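One structure is given here, and the rest of the page talks about it.
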């Protein structure tokens, strides 16, 4: 077979689809390639709020308060102090800033994310990769090598398009993206950059939230020095990351009551401050004060936008964490609890500043009434701890998506909840985030520079999300062009103005997220680039059917009892490393299965339709090919042992293979039907018995561990990337056997060197 769409002679395929069921009769369906055969997933339509009971939705809404909103909920700790680092020049400036905060909160977190972006989820999952996968499924722009055209036959691969609506603009844009290699790489690199920035958020959020809250104790006692604040903050951060292994489910139920108390406190204190200090502050609802603020302060007002935008920190977590919950549960918790509490909190602080503009450097704790200061301090510290959770959970989900699409080195994904899908924990990433957070906290020591860095990361990810959303609106939703233009002119232009402001503070700490992004992008690019090169090499050097027949005819190769699972990344064909194995180990197990893991650009594939099999001829070899299909949010080996599921599916494939073989279909017209069926049943029972005996004799896992080196004559850049960068990552991260929970006692690694 040459290329990715050819047919290997001498091999037969059988696939069953729910579409082939008529009455009580199953009809056969045949295909020409394993990839086309693997397109029969059905019966799964993602995580839909409509399919859930209201009790479950409300439980998820409650949980989401403890996971999603810690970041945006604790922003009142530092927004006004970051906006006025040099003090307030005029009392009406407070009204201008409050007006900007109110409209920014309404425009970006509420309208953009809660009511628009959340609907661009990928079968219930959100984040940068979810938007990228939606675009890849509609337009052929994916750079993942194992994807084939037949993948579009997977049921939940299909997008729910708005009826038969046709858009010339959508068709034109799709065609341009598909025919431009530059556009494909640009989308891919933009996705990597946005992902890296969001992971950077996961580092900066805990630092600024915890430092801001712990710093409040300095208002109560002069004994609390800056050094002590830093060390206490570092200790708290360590505890936060150690707590992650309990999982989102337990963390959510633990944190949600605390956050509810926090939102009740800031809303109640906000109402008190509005009544006690200056009730007329509500006139900030008039956007005229925004115009006056810019007219009076000009460049200083533009620079201050870098502090104002911090009121939206954590808005991206609403989308990134939606896979842990549902769209409706996020909407309920935002509109019912979070948004009203934040509006009251900021309005109350502005009312306080109208009377005490000199106390802007520590607005939050200065505006807290004396009798509730200490309870508020305790709740603030706890809320700041929880604030880190939003982006940490989002980071775990993003890493899982990146790993499945071949854009991240191998790490272990732990599914932490059997009750709710999408809740995962990544030990290595959790450990690295903890070290990075402690490093930033100890190095920067104050929230001023961290706030400057934070602003760049926040606004950049928001802008990228808007860019992808516009593509989704045009190509997939086929929205009215006036809606698209309105979105770009209103929300897009506002975000670009904020981006220009935060970039002004690049040399004041704003460089930090860009450094994080550069390091992460380098790692992700190196891994993905070499991964694609390895796949292309295996595809070009795969074994031909004639070579397989030669191996079968070789009398020097003996058969030994047992089941062998030979793992490789190649989806179509037999990998070249098998030839290397046979030449060095002239023995084959009684049943031999080539296992390939294929990631589809969809969130989940049903567990009962995970595997697709194909028999490798000649039949007496008892050799099969198997493709395990996973979505980027699927967690492997959680239901039961991998090999047990595979063996059960293999035996079902053998039964179907006999049932729908040409001989079986023709026997219905044959006069000696009973005789033919008897012979076939004997052959079927014999093949099933061979598999059972092989399974009883024991399974051996053969791992293809390919060493890669740059080919002779390669340029210095290619040699550095393959020989040093990639191999360094591979040696210092988990191997395939750990990611797949393969027992070491029954594992054999087969090594071969590829010159790329």
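Every residue number used here counts from 1 along the chain in the order it is shown.
Cβ atoms are placed via backbone N, Cα and C, with glycine included.
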TODO: When you get a sec, could you say which of 429-448, 529-548, 549-568, 569-588 is annotated transmembrane segment by TrEMBL?
DONE: 429-448
Task: Residues flagged as transmembrane segment in TrEMBL, choosing from 138-160, 161-183, 253-275 - done: 253-275
Task: Remote residues contacting the transmembrane segment (372-392) - C-beta distance under 8 A, at least 6 residues beyond either end - done: 66-74, 77, 198, 201-202, 205-206, 209-210, 212-214, 216-217, 219-220, 236-237, 239-241, 244, 251, 255, 258-259, 261-262, 265, 269, 314, 317, 320-321, 364-365, 430, 433, 437
Open item on the list: Need a quick answer: max count of Cβ pairs under 8 Å to the transmembrane segment (253-275), which of 54-74, 94-115, 185-217, 300-320, 454-474 is it?
Closed with: 54-74
- [ ] Count the CB pairs under 8 A between the transmembrane segment (510-527) and each of 54-74, 185-217, 300-320, 332-352, then give me the winner.
- [x] 185-217
